[in-house]
C-alpha cells in the first residue's frame, strides 16, 4: 500500500501541473485569436515559422537529459545542486551548437528569399528567438526538473500560471498597440517571461538550498551510477518511476511544443532505493569539479541519447511540415494553416493527461497480470474513439465563426480544421499505445516507428505541398497519422499476442462518424448559406452543435457504446488485487 501512496502523490502533483497548463493553454488560445485577427496571415506565418524552427533545434540542448537527472536526483536528493550546475553547463554548450545551426539555417533561408517583403523581419525573428537556447533549456527547464525530482510540482504549476498570464497580457498589449516589428516584440516578450520564470524558480530554489543544506552535499559517483543502468524485465518497471519520469517530464515539455511530445522513461526506476557510497574522485575540467565534471557529462550524454532520439523524432515528426510549407509556399500560407490547425492543437495536451491516467494503471496490470494487457489495450482504444468521435465533428463546426471573426482569408482554411481533427483520433490512440510499449519495455520499437513515420511524412510533404498547398499538407497529416498508428497497431498486437478484429472494432465508430459528418454537412448547407458574418455563423454553429451532440448520444446509447457492462469489463481488467 505504501507504493500506491507514492503513486497517488505523483498523480496529485501531476494534476496540479496539468491544471495550470490547461489554464494557460486557454489563455494562449484566446491570445492566438487576437494575434491572428490583428496581424494577418503573413505575420502570423512568420511568428509560427520562428517558433517551429526553434523547436526543431531545441531538441539538441534538451537531449533527454532531464529524464536522467530527474531519475538520479529523485533517488538521492543530495546530488541536486551538483547535478544542477553540471546540467546547466552541459546544456549551455549544447545550446551554443543549436544556436549556430539555427543561425546557419536562418541565413540560408534569407538568402533563398526574394529581396524585400517580409524577409528581414523573418530573419530577425528567428535570430532573436535563438537566444532562448541559452535560457530555456539550461536554466528554466533544469530548475523545473529539480522541482520534479523533489516532487514539488505545485511550485512549477504556480510559476507556469504566473508566466502564462504575464505572457498573454503583454502579448495582447503589444499587438493592440501597433508596435513596429511586432513579431520580434512578441518573441522578446517570450524571452522576458523565460527570464522571469528563471528568477522566480531560482529564488525558491535558493531558499530551499538554505533550508535543506543536504541538497548540495552530494556529488556524482561512477560506481553508483552503473547500478542504475540495469534494464528491468517486462513488468518490473515500478509504477512510480513510470509516472514520474514519463508523465511529469512530458507535461513540462508540452509548454514549449503545444502537441503530443513523448519521451520514453529511462530503464532505471526512480522508485528504487540505493545507498550512496563515499564519493569517488572525478576527473574534471576544473580541479574542484563542481561546474564541469567530465565523467558526469559523458554519463549524462551516454544515458540520455536514446531519449534524445525519441524526443527528436517525435518533435520533428509533428512539425516538419511547417518549414517545408514556408519554404515552398510562403509565410501567408503558413499563417492560414496555423490559424486553422490551432483548434486541433488545443486538444493535444489531453494526450499527456491520457498517459498520466493510463500509464500507472497499465503498469500495475502488466506487473502482476501481463496476460490482461492485450484485452485492456483493446478496451482503452475503443473508449478513446468513443470520446474523440464527437469532438472530430463539433470542433470544426464551432471553429467556423472564430475564423470568420479573425477576418482576412482565414475562413478559406476551414477544411484544415476538419482534416486536423480527423487526424486526432489516431493521435489519441497512439498516446494510449505508447504506455503499453513502455510497460513491456519495448521503447526502441516505438522509436523506430516514429522515425519511419517522420521520413514518410517529409517525403509526402515534398510531393504534395507544391500541388495542393496547406490543404495537401493537412491531408498528409491525416495519412501519416493513420500509417503510424497502423504500424503501432500491428506491432503492439504482435508483442502483446492479442489480435484485434479491425473490421469489427471500427465498424460501429466509423458508421456513427459517417452519420455525424453527413448531418453536419446538411446542417451547414441549410443554416449558413449566404450568412458569413461572425454573429450569424455563431448562431448557426450553436444550433448545429446541439443537434450533432444530441444525435451522437442517441446513437452511442442505441448501439451500446456507453453501456455500464462495457465499463465494468474495463474496470475488471484494470483491477489488481494488492
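Numbering starts at 1 and runs along the chain as displayed.
Each Cβ is built from the backbone N, Cα and C atoms, and glycine gets one as well.
Quick look at what TrEMBL lists:
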type     : residues : note
TRANSMEM : 47-70    : transmembrane segment
TRANSMEM : 82-103   : transmembrane segment
TRANSMEM : 123-143  : transmembrane segment
TRANSMEM : 155-176  : transmembrane segment
TRANSMEM : 182-205  : transmembrane segment
TRANSMEM : 296-320  : transmembrane segment
TRANSMEM : 335-359  : transmembrane segment
TRANSMEM : 380-403  : transmembrane segment
TRANSMEM : 415-439  : transmembrane segment
TRANSMEM : 446-468  : transmembrane segment
TRANSMEM : 474-493  : transmembrane segment
TRANSMEM : 539-562  : transmembrane segment
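Note: the stretches the transmembrane segment (474-493) and the transmembrane segment (415-439) are in contact (3+ CB pairs below 8 A, sequence gap of 6 or more). Sequence-distant neighbours of the transmembrane segment (446-468) (same chain, 6+ residues past either end, Cβ-Cβ under 8 Å): 262, 264, 306, 309-310, 313-314, 316-317, 320-321, 324-325, 328-329, 434, 437, 475-476, 479-480, 483-484, 487-488, 491. Away from its own ends, the transmembrane segment (82-103) comes close to residues 53-54, 57-58, 60-63, 65, 69, 72-73, 126-127, 130-131, 133-134, 137-139, 141-143, 145-146, 216, 218-220, 290-293, 296-297, 300-301 of its chain (Cβ-Cβ under 8 Å, at least six residues beyond either end).
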